[in-house]
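Taken from TrEMBL as is:
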BINDING   SER259, ASN291, LEU356, SER360  Na(+) binding site
DISULFID  CYS77-CYS86  disulfide bond
TRANSMEM  26-46  transmembrane segment
TRANSMEM  53-74  transmembrane segment
TRANSMEM  174-194  transmembrane segment
TRANSMEM  203-223  transmembrane segment
TRANSMEM  256-273  transmembrane segment
TRANSMEM  285-308  transmembrane segment
TRANSMEM  344-365  transmembrane segment
TRANSMEM  386-411  transmembrane segment
TRANSMEM  417-438  transmembrane segment
TRANSMEM  459-481  transmembrane segment
TRANSMEM  501-522  transmembrane segment
Amino acid sequence: MLVLIGLPLFFLELYVGQFTGVGPLQAFSAISPFFSGLGYCTLVVISIISIYYMIIVTWTLFYTIVSITGNLAWGSCENEFNSQFCYSGEYDQRCRENNTGAATDLTFYLRQCMSIGDICELTGFQRFDGKSCWNGTETIPWYTNVTRVLASQEYYNERVLGRGDATWESWGTIQWHLVGCLFLCWVVAFFCVIKGVQSAGKVVYFTALFPYVMLTTLLIRGVTLEGAYDGVMFYITPNWETLLDGRVWGDAASQIFYSFGVACGSLVTLASYNNFHNNCHFDAVFVSITNFLTSIYAGFAIFSVLGFQAQLMGVSVDDVAEQGPGLAFVAYPEALLQMPIPQFWSIMFFFMLFILGLGSQFAGIEAINTAIVDQWPHLRKNYWRVTAFTCFTCFILGIPMCFSGGVYLFTLLDWNTASWAVLLIGMAECVAVAWSYGISKVMKDLASMNMKFNKVLRFYWMGAWTVVGPAASVGILIFIFVDWKPPAYEDYVFPLFADLLGWAVGLSTLVLFPVGVGWALYHGYVSKNKNKKYNALLITYANIVALTKSQGTYEYFFIT
């Protein structure tokens, strides 16, 4: 996925932004009027992502604040919102430590210490050896037919989200603690990017480096815990059957697009500030490899701790490895409670997530701001007001996700925006640049920017942009839609109306593309009638004014 789609798109967007020197709205219009709507598609995508992604940052800030207060209530089953099926690793450890005599198999179940043999009989099986049950034909793990809900999961759903009995039809009440944290997140983001890339660039030094310190600390601690080996082996052992699941491919593509920031305009925006002769090829390869290695590195830190948690619970690592937000807000917090000085580790972990999430928002905010000031240049002198407008608008639009049922809207947006929609946009970018503009012109442009390639690299980039990237995107899209699963949150199934709304959100990121095509066709027709000759600007990059930065000045020239 990295080699086929991620890296090629990353380099492509850096090239487009650096060569044109403008944001995606103007850049793709310059590449081809036929693809003028593509820039607006990326703007819609980054706007939606910025709104709902800040909700995740909001959750991390709330956990950070709670950790600082020392009240780590996600490890307790004595809160008013806990159910009878609540399970806590801390409580389970107490049961094991208090074993006396022959009762060596006590575990925490139904909010009390209970022997595994009793649990077997309670669930309709027979006692066996204190670790397994007998179903009449074979032994099975004692927890096979047992319902246990982690205390951290109930805390996340009931205390943090305030989910309760909320449904899509009954939205519930507003969670003011989330509104307050969301407001703080946008205020911090505003002051970090108040002066554009100049201020954001300085903050990024901290937001990019601090997580490495924390990951290393967590990794060192994680690998010294009992059960860490099982977690690491689960992490590095491939499960080939999952490759037949279309959603897995969609999630993989989503992860690549998220971590690289492609197909949403932010890379084009940031690259537009580069010097014209900057070696963005090196930047693309270096960042991609660093990103890939960091993901692997983080996986060891995460799964070593999950292996420890699985051993404490007496279950497999697969049973504790949650997907989506559950990993960060359910599985890992529970494991942190079992470490010495849990308050310290909780503060560090959630603060790291807060910094990572906040840093990811900078590029999105800058992309939205650049689109605005490129459209209305007179606003550049009041850039801070543009930033304030962007942050405040995103804050207001994010408030619905601070209700009890807000997590359903969050799931719906993430499900339909971050997978198939961005894949289509990424594919369109390849077609626009490699086919509409022309791959030979792309290679000439890169040479003019002092980037030359040997035959192998030249073949790779040309092949990736013209054939491999678009073909891989189409293949993954087919896989996703053939094995399509409607959005769901835990055991809650969305009603048909919500599913249709999700499709509408996904399609809203693409609808401006045909609008751009129609606009280009109309102006081509008008030009033909006015000038008595057809102005062939629809699918070729001809006679377009581009901006390049040379030695700190702007030069205007025509590309033919």
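Backbone N, Cα and C define each Cβ position, glycine as well.
The Cβ of SER259 (Na(+) binding site) has ASN291, SER295 as same-chain neighbours under 8 Å, each 6 or more residues away in sequence.
The Na(+) site is defined by SER259, ASN291, LEU356, SER360, and by the 8 Å test on Cβ atoms against their centroid, the other residues of the chain that qualify are TYR258, GLY261, THR294, GLY359. Annotation for SER360 (Na(+) binding site): same-chain Cβ neighbours under 8 Å, separated by at least 6 residues, are TYR53, GLY261. The two recorded residues, CYS86 (disulfide bond) and LEU356 (Na(+) binding site), have Cα atoms 31 Å apart. Cβ atoms under 8 Å from those of the transmembrane segment (501-522) belong to residues 32-38, 40-41, 44-45, 48, 412-413, 415-417, 420-422, 424-425, 428, 487, 494, 537-538 of the same chain, restricted to positions at least 6 beyond its ends.
Proximity of CYS77 (disulfide bond) to non-local residues of its own chain (separation of 6 or more, Cβ distance below 8 Å) is seen for CYS86, TYR87, SER88, TYR91, ARG111, ALA151, given in sequence order. Take the transmembrane segment (174-194) and the stretches 26-46, 203-223, 344-365: counting Cβ pairs under 8 Å, 344-365 has the most. Among the stretches 203-223, 256-273, 417-438, the one making the largest number of Cβ pairs under 8 Å with the transmembrane segment (285-308) is 203-223. When each of 53-74, 203-223, 256-273, 386-411, 417-438 is scored by its Cβ pairs under 8 Å to the transmembrane segment (344-365), the top-ranked stretch turns out to be 53-74.
Sequence-distant contacts of the transmembrane segment (386-411), counting only residues of its own chain at least 6 positions beyond either end whose CB sits under 8 Å from a CB of the stretch, comprise 47, 50-52, 54-55, 58, 161-164, 166-168, 170-175, 178-179, 182-183, 186-187, 189-190, 193-194, 196, 365, 368-369, 372-373, 379, 487-489, 492, 494, 498.
Annotation for the recorded positions CYS86, LEU356: lowest Cβ count within 10 Å of the residue's own Cβ, LEU356.
DSSP assigns CYS77 (disulfide bond) to coil in the three-state reduction, outside any helix or strand.
Secondary structure at LEU356 (Na(+) binding site), taken from DSSP and collapsed to helix, strand or coil, is helix. Among residues of the same chain six or more beyond the transmembrane segment (459-481), those with a C-beta under 8 A of the stretch's C-beta atoms are 4-5, 7-9, 11-12, 246-247, 249-250, 253, 419-420, 423-424, 426-427, 430-431, 433-435, 439, 442-443, 453. When Cβ-Cβ distances below 8 Å are used as the criterion, the transmembrane segment (417-438) is approached by residues 5, 8-9, 12-13, 15-16, 28, 31-32, 34-35, 38, 41-42, 45, 48-49, 52, 250-251, 253-254, 257-258, 262-264, 462, 465-466, 469-470, 473-474, 476-477, 480-481, 505-507, 509-510, 513, 539-541 of the same chain, each at least six residues removed from its ends. Its Cβ taken as reference, ASN291 (Na(+) binding site) is surrounded by 17 other Cβ atoms within 10 Å in the chains shown.
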